[in-house]
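Database features, via TrEMBL:
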{"type": "DOMAIN", "residues": "11-30", "note": "domain '4Fe-4S ferredoxin-type'"}
{"type": "DOMAIN", "residues": "77-108", "note": "domain '4Fe-4S ferredoxin-type'"}
{"type": "DOMAIN", "residues": "109-138", "note": "domain '4Fe-4S ferredoxin-type'"}
{"type": "TRANSMEM", "residues": "262-281", "note": "transmembrane segment"}
{"type": "TRANSMEM", "residues": "317-338", "note": "transmembrane segment"}
{"type": "TRANSMEM", "residues": "389-406", "note": "transmembrane segment"}
{"type": "TRANSMEM", "residues": "426-446", "note": "transmembrane segment"}
{"type": "TRANSMEM", "residues": "458-479", "note": "transmembrane segment"}
{"type": "TRANSMEM", "residues": "485-502", "note": "transmembrane segment"}
{"type": "TRANSMEM", "residues": "514-536", "note": "transmembrane segment"}
{"type": "TRANSMEM", "residues": "548-573", "note": "transmembrane segment"}
{"type": "TRANSMEM", "residues": "585-602", "note": "transmembrane segment"}
{"type": "TRANSMEM", "residues": "614-640", "note": "transmembrane segment"}
{"type": "TRANSMEM", "residues": "652-673", "note": "transmembrane segment"}
{"type": "TRANSMEM", "residues": "693-714", "note": "transmembrane segment"}
Amino acid sequence: MTEPAGGIHTKTTLVDITKCIGCRACQVACKHWNEGEGEATELEYNLGFQNPATLSAKTLTLITFHELPNEQAQGGLNYLFTMRRCLHCLEPACTSACPTTALARMADGPVGYDADKCIGCRYCVWACPWGVPTPEWDSLTPKIKKCTHCADREDQPVPLERNSVPLTADETDRYKKSITTPACVKACPADALTFGDRDSILQDAHARIAAHPDKYVDHIYGEKEAGGTTVVYLSSVPFEKIGFPDVGTKPYPGFSRTALHAVPPAVIAVGAMLGGVYSFMKRRTVALIAAAENNSALASKPKFAPLDAPLLTPFNWGLLALMAFGVISLITRFVLGLGGSTHLSNTYPWGLWIVFDLVWIAVAAGAFATAGIIYVFQRKDLYSLGRSAVLMGLLSYSFVTVTLIADLGLPWNSYQLALQSPEQSAMFEVSWCVGLYVTILLLEFLPVPFERWGLARAMAIWQKWSGAYVAGAVTLFVFLLSRNYVYAALAAVVFSALAWLFRAKDKKPEPIILAIAAVTLSTMHQSSLGSLFLLMPDKLAPQWWSPVMPISFFLSSIAAGTGLVIVIEMWIARGWNRPTPMRQLAAMGQITFWSLLVYAIFRLADMGVRGQFAGAFGGTMGALFIAELVVGFVIPLALLARQSSRMLPRTLFLGASLTTAGVVFNRINVVYFAMHVKGAMPQVAPEHYAPSIFEWGISVGLIATTIFLFGLGVRLMPVLPAKETIQGD
Ligand code: SF4
Ligand code: SF4
Ligand code: SF4
């Protein structure tokens, strides 16, 4: 990348490692300029006098110490000292991750940070290939810290005079140049740091290599790395020998750009396609009903009734105790802050709560899958499963948002998600999509309480306006993601047309437009959860990382969601002594089977096409991969393959449970086991992670709350089919 247009120079620092004497004046100057607190001296046995071991919220630049064996050198060792800090990428992974543009690249190069915009999601910490951004774990309001290339030094006022003598224009220019030079560069006594515009800095670096080929390796680290950086290095030894990772030359945002830019047109296309599918299936169903007048499964809908069962059972007392534990943990989280209540660290900025959210969103896909199957694909034989699936989905997604808020370091800045327009951020997409989907789930479920308590006027308003709400919500979503008026207008036209065409025309309306919106939004956020990890090709093991992870995440969510619907329905039947609707559950099992098969074929074919099978089965990662294949693919596919097997309750239960468990295992692998995290720069001291009691408390408390409220909901409202209408096995 050359200089940007408009005559703006890209500020760049050259670090000539061969000149550094390890005095750490830059480290001190940086701390002084940024008013960073001191850190206790802790020397690690393998790091020499390097202190502290890594970057942190208190130390934004660090001199690393390297002792390299060299028989010719005095003492048999070469000593090298290296300045490590943010490299100010030309196309930074951190800014493309940030959902609120709190991290943004300035036109002249520095990647700056605006704490007022930051929500504390810590996605930037995961995304940076060098482990640069670090949260203030000690603070109740943990901001992100990193080198700003001293961009804020420009804000200093230029004095008008010196010793009462006005400065000349030349002196003013020299002063300006001097104060905009980074504090670390000014402090360096050994001329190891040079600051200037990128083109001339690179010319200088190439000239030094050409003049002294015996002194330098022929490599300017940062010239091409990750698309190029504006802190570049010269060294006398290959960079891998002094801990510089090979991050490739592709800019990291390029890994997720295509997937995220596809979302706005995909919303319009998926909505239109689902409308077409519904029209076709509806005509087909009407024809089938006419042809088979006695086909009760097609023609009639089951009756629903509140469950008649005592609420305060020992099981529910247990749930209430766990909920109390959850409330205490949630309060503790905000009283002690993230650092005080969790075991999160610079190595594991995301922990149990994010695993929990990923898993819960995947398995809660049963709500959109069931609604889509029943209403869009007109599987009326599965109608009796719809209300419980939607209620479970609504509760699950609501509590996912609670966990997300607990996980944010600065949740009170969440309104920034509505004000900012990041060019591409999977986190931004997921946040909006999940938020809007919760409202769609609520609208899908509202007819149940309206019916229960005879709220005819509310039902009339729901009938009249839910279509308009969907059109507005989807249009807003498309606009926020694309900031493109053409896409927004197309979304408005398509979803308004669908809302009008499929508007309620009788007293028992089908929420077609809501089902279409639910499937569309779910398709987007289930896949964008996969896009979150596209920025981590260097960290995620190749058995899991793939450019088509978004599609894998979406396909697997259908299998997991429909599998969980089966499991929940069988628990309901057993727990409340009701008949098991085996015919419907076996039909759902067939859908689970096919969606799992498509997911398995897609994932394995992708690995084959990318040549990833070589070495995929070796070592710990290989064992995890094999376990995922066997437990999540082979056994459930074998169990669910035949209709006769699916009609056997135990076989169906096991097949559905393993399908869901396989996807759960996949998400845990992606976030935890298969993620090679190395901690903060220079990535020499990774921390371990085990969730704290409060992390467990919030997670377990929210699961207990979901189960308790589901039980309460089915007792109060007609969510489950009336016992006498269930066609048992
Ligand atoms: S080195 Fe990391 S933190 Fe710095 S600009 Fe690049 S991606 Fe962002
Ligand atoms: S909003 Fe998230 S990604 Fe952006 S700077 Fe803050 S913590 Fe980092
Ligand atoms: S440029 Fe400024 S903030 Fe960055 S390392 Fe140097 S002194 Fe610190």
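Note: Cβ is positioned from N, Cα and C throughout, glycine not excepted.
Automatic, uncurated: that is what TrEMBL annotation is.
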Q.
Using a cut-off of under 8 Å between C-beta atoms, tell me which stretch among 389-406, 458-479, 614-640 contacts the transmembrane segment (652-673) the most.
A. 614-640
Q) In the same chain, which residue numbers or ranges, 6 or more beyond the ends of the domain '4Fe-4S ferredoxin-type' (109-138), come under 8 angstroms Cβ to Cβ? A) 9-12, 54-57, 85-90, 92-103, 144-151, 198, 226, 230, 245, 247, 252, 337-339, 344-346, 349-350, 407-411, 413-414, 416-417, 420, 425, 427, 532, 535-536, 538-539, 678-683
Q | Candidates 262-281, 514-536, 548-573; stretch with most C-beta pairs under 8 Å toward the transmembrane segment (389-406) | A | 548-573
Q. Are there 3 or more C-beta pairs under 8 Å linking the transmembrane segment (485-502) with the transmembrane segment (317-338), counting only pairs at least 6 apart in sequence?
A. no
Q) What is the three-state DSSP composition of the domain '4Fe-4S ferredoxin-type' (11-30), stated as helix, strand and coil residue counts? A) 9 helix, 6 strand, 5 coil
Q. How about the transmembrane segment (485-502) and the transmembrane segment (548-573): do they have 3 or more C-beta pairs under 8 A, pairs 6 or more apart in sequence?
A. no
Q) At least three Cβ pairs under 8 Å linking the transmembrane segment (514-536) and the transmembrane segment (426-446), pairs spaced 6 or more in sequence? A) yes
Q.
Between the transmembrane segment (693-714) and the transmembrane segment (458-479), are there three or more CB pairs that fall under 8 A, provided the residues in each pair are separated by 6 or more in sequence?
A. no
Q) Under DSSP, the domain '4Fe-4S ferredoxin-type' (77-108) has how many residues in helix, strand and coil? A) 5 helix, 12 strand, 15 coil
Q) Which sequence positions outside the transmembrane segment (262-281), separated from its termini by at least 6 residues, show Cβ-Cβ distances below 8 Å to it? A) 372, 375-378, 429, 474, 477-478, 481-482, 484, 487, 490-491, 494-495, 497-498, 501-502, 512, 516-517, 519-521, 523-524, 528
Q. The domain '4Fe-4S ferredoxin-type' (77-108): mean pLDDT?
A. 96
